[in-house]
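K.L.:
Straight out of Swiss-Prot:
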- 67-280: domain 'START' (DOMAIN)
- SER57: phosphoserine (MOD_RES)
- SER195: phosphoserine (MOD_RES)
- 1-63: transit peptide (TRANSIT)
Amino acid sequence: MLLATFKLCAGSSYRHVRSMKGLRQQAVLAIGQELNRRALGGPAPAAWIYQVRRRGSLLGSQLEDSLYSDQELAYIQQGEEAMQRALGILKDQEGWKKESRQVNGDEVLSKVIPDVGKVFRLEVVVDQPMERLYEELVERMEAMGEWNPSVKEIKVLQKIGKDTIITHELAAEAAGNLVGPRDFVSVRCTKRRGSMCVLAGTATLYEEMPQQKGVIRAEHGPTCMVLRPLAGSPSRTKLTWLLSIDLKGWLPKTIINQVLSQTQVDFANHLRKRLESCPALEARC
């Protein structure tokens, strides 16, 4: 009965099976062979179970990929590669130079990275749980202009799956208007690794958001924020922000360094005020 049912199903879906490629055909063939073998009363080998599970996992991955266009898959890959690059920079503890240290312990470090340029690293502790920061920085991202004076506006242009988005950010003038208005188009990727949340991004091209008149299109390099519960105090959060920006235009390096370093210090202060004054939503990282 089982064998007959399989043959009937296989016959009715023959045209569909013909359109399958690679692993899909192999999976169908393996299932057919196993059903035939079971009809003869043989035992189920562990090796076959392993192969079906493996093929099923690969097939699931292929089916998930098929939900996205080639361009969307390219954005996903670009975001994940930016995350790996940024985490690799943070992992290397050698060569960091102290830019500033605040009374509350907030610290900005810098380092020159080959093929990237000068990057800045903010290290702070926030007296809020990690979920609250995740909520504000990810789920309420488009509201950042309400509390961060460095940002005029952030818009999510496209969501791709559950981890990847394309954003447009309009930055405010800085350094007494010496640094004019800039905007950024970025691909951002959000992942959780155990108790750690990583929010990463980098500059990208997006046809629906061409360069704006009167605004310089700047670029984020591999950038990320890492959130994790403070060791021994899970209601507090250790935030590490790696900032890499090419502001474009002609600007003295001394001004660029001062602006980026101060931007990180100001961000930490404004974030704390926002978290204290704005009620939390039900968010989980």
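Just so you know, glycine gets a Cβ as well, placed from its N, Cα and C.
Each of the listed features needs to be described in terms of its position in the shown structure.
P.N.:
Of all Cβ atoms in the protein chains displayed, 11 besides its own lie within 10 Å of the Cβ of SER195 (phosphoserine). DSSP assigns SER195 (phosphoserine) to coil in the three-state reduction, placing it in neither a helix nor a strand.
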